[in-house]
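Listed in TrEMBL for this protein:
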- 107-127: transmembrane segment (TRANSMEM)
- 139-160: transmembrane segment (TRANSMEM)
- 172-190: transmembrane segment (TRANSMEM)
- 202-225: transmembrane segment (TRANSMEM)
- 245-267: transmembrane segment (TRANSMEM)
- 287-309: transmembrane segment (TRANSMEM)
- 365-385: transmembrane segment (TRANSMEM)
- 391-412: transmembrane segment (TRANSMEM)
- 433-453: transmembrane segment (TRANSMEM)
- 459-479: transmembrane segment (TRANSMEM)
- 500-524: transmembrane segment (TRANSMEM)
- 544-561: transmembrane segment (TRANSMEM)
Amino acid sequence: MTASFMSGERTVVVLFIAGVLYSLPFSLLFPHGLALSLLALSASFIEISYDNSSPSLSLFHSRPGASSGILLGSVTLPSLFLSKLIQFSRGFSSSQVNLQELQYLTLQYWATSATSFCVLLFLAVVLRRRSSFSAAGWGFGFSVCFLLLQPLICFLALAATFQADLHLALKLSWVICHGFAAVKLMQHFLQAFPSCASIGEVLLVSAGIVLYFGDMLLLTVTKLYQLLMSSELVIAKYEIGRSEIGIIIQGLLLGLLLYPIAFKYVLQIWEWCTNTESSESRRYNEIGRSLLFIASFLLVMTVIIPSWMQFVHEFHMHPFFWVLSFVFSEPSKRLSLCIYWVIVIGVSVLRFYNISKNSKIERILLRKYYHLMAVMMFLPAVIFQPRFLDLAFGAALAVFLTLEIIRVWRIWPLGQPIHQFMNAFTDHRDSDLLIVSHFSLLLGCALPIWMSSGYNDRPLAPFAGILSLGIGDTMASIVGHKYGVLRWSKTGKKTIEGTAAGITSVLASCLLLLPVLASTGYIFTQHWLSISLAVTASGLLEAYTAQLDNAFIPLFFYSLLCL
């Protein structure tokens with residue numbers, strides 16, 4: 001039982017949580033740290049029971065060859081927001097962060113904790129019903145006790161932060177709704193896309209989508225209340241200030257995530273109204289589906305989404321024209337950067353696509369060249385054009401979502417060619433139903449940059465994704481594949497030589513980045529030892545985890561850099 005409990009991935013996660021807790025200002029965030037500790041203990045017992053259960057008792061068809069990842073998936077987002085709270089508490093003490101921003105971030109932390117709590121409670125109940133805890137009944141008892149303490153701690157912490165009145169009840173309801181929504185979304189995802197992801201990966205994605213959608217819903221309800229009641233809603237005080245770029249990205253991404261749900265019902269009505277018995281009718285039906293897709297897509301992108309953007313934020317013009325004016329406000333820098341990106345993408349994609357068809361190079365190695373391409377594209381922009389890069393990331397993700405919708409629905413005439421093209425870059429973590437690697441790489445680079453907008457006293461934090469994926473993960477794979485001899489485990493492919501190369505390359509990159517950042521006005525206040533520990537911990541997670549490293553490692557690294 002001890003050996004099972006202290007697996008490599010769990011050990012690294014425990015050390016990660018210990019680092020976060022060590023940095024806590026206990027006078028302000030003690031309940032938050034206690035909640036995270038109990039959450040981690042509960043997730044550990046549930047993960048061990050799930051992984052040790054027989055395959056016939058598995059709850060869902062998760063990705064083959066991967067562990068459940070329940071512990072890592074449960075603590076990643078709560079730890080991330082707790083790290084941000086620690087960072088914002090430093091800013092609050094120096095009067096660089098106002099009370100409203102700190103309180104709103106606190107609310108988001110408890111929302112992510114409630115999400116993990118509800119998912120863990122759901123897994124524990126179902127496992128208990130299937131007798132998967134029979135070999136470790138005491139573990140189930142501890143898990144349930146730790147989990148049941150979570151709501152109490154959440155209530156006491158929110159009551160201490162906010163005034164105990166009707167608005168406190170509304171905030172508690174809002175937090176709890178995140179948990180229930182995440183459970184339903186997780187169930188739907190695992191049933192709709194079987195064998196595409198592990199439990200931990202789906203938990204992370206579900207929690208992120210629910211949190212992002214909840215933020216949009218809260219903003220919309222606030223604006224509606226202000227419009228109808230002609231007064232300020234008290235909960236609006238706890239919002240973080242929104243920028244035009246943030247609103248545009250949020251509207252685009254959430255609109256594209258919700259669009260397939262509406263298009264599914266439109267398509268059902270279309271197919272019910274059309275006759276597809278003959279081959280000629282089926283041909284016309286494909287063309288009709290394509291025209292229907294184009295019309296509905298243009299309606300959503302040019303009318304519905306921009307209308308929401310203008311409703312929740314004062315743009316004074318159509319958001320599309322605002323984007324054009326933003327780009328052309330510095331045309332020489334931003335248009336030159338766009339041309340540079342197009343050239344890099346065009347040359348790289350054509351080159352690597354031809355290699356993938358005619359070469360025997362392993363796909364996992366071939367894909368690492370795209371990680372290097374991400375470094376070439378994003379590193380200069382983070383330093384010199386960070387706001388424009390924020391917008392570009394949103395546009396790129398919108399394009400990826402659109403192409404994935406076309407591929408999954410096989411929209412004529414592009415659906416099948418896109419599917420064949422994307423399959424040239426897939427590996428064992430992708431499937432025909434869902435290809436996620438390109439999303440995870442782009443999001444892994446984008447999220448640390450997006451989360452660093454506003455107050456940020458850690459200049460290396462925005463580079464967490466680029467450094468960990470573009471440099472560390474790439475060097476670990478290349479060196480490990482060519483020169484690796486000593487393996488971390490008998491069954492795994494990760495080598496000690498590859499991990500050492502990844503850690504060393506990221507440390508060297510940090511050394512090179514610091515003078516460049518200092519020359520642009522950044523003030524370096526972080527101790528080099530803490531950076532080294534963050535790099536080492538991220539490298540060890542990459543070595544031990546069987547989860548989708550593009551999704552977890554950047555958030556893991558970013559959380560440690562914020563401390």
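Glycine too: its Cβ is placed from the backbone N, Cα and C atoms.
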Most CB pairs under 8 Å with the transmembrane segment (433-453): which of 172-190, 245-267, 287-309, 544-561?
544-561
Using a Cβ cut-off under 8 Å, which residues of the same chain at least 6 positions beyond either end of the transmembrane segment (459-479) come close to it?
364-365, 368-369, 371-372, 374-375, 378-379, 382, 386, 441, 444-449, 451-452, 494, 497-499, 501-506, 509-510, 513-514, 517, 522-524, 526, 531, 535, 538-539, 542-543, 549-550, 553-555, 557-558, 561-562
Give residue numbers and ranges for long-range contacts of the transmembrane segment (544-561): same chain, 6 or more residues beyond its ends, CB-CB under 8 A.
7-9, 11-12, 16, 19-20, 65-67, 69, 72-73, 76-77, 79-80, 82-83, 197-198, 200-201, 204-205, 429, 436-437, 440-441, 443-445, 447-448, 451, 458, 460-461, 464-465, 467-469, 472-473, 488, 492, 494, 526, 530-531, 533-535, 537-538
Considering only Cβ pairs under 8 Å, which range in 139-160, 172-190, 287-309, 365-385 makes the most contacts with the transmembrane segment (107-127)?
172-190
Six or more residues out from either end of the transmembrane segment (245-267), which same-chain residues have a Cβ under 8 Å from its Cβ atoms?
209, 212-213, 215-216, 289, 292-293, 296-297, 300-301, 304-306, 308-309, 312-313, 319, 322-323, 326, 387, 390-391, 393-395, 397-398, 401-402, 405, 408-409, 450, 453
Is it the case that the transmembrane segment (287-309) and the transmembrane segment (391-412) touch, counting contact as three or more CB pairs under 8 Å in which the residues of each pair are 6 or more positions apart?
yes
Need a quick answer: max count of Cβ pairs under 8 Å to the transmembrane segment (172-190), which of 139-160, 202-225, 365-385, 500-524 is it?
202-225
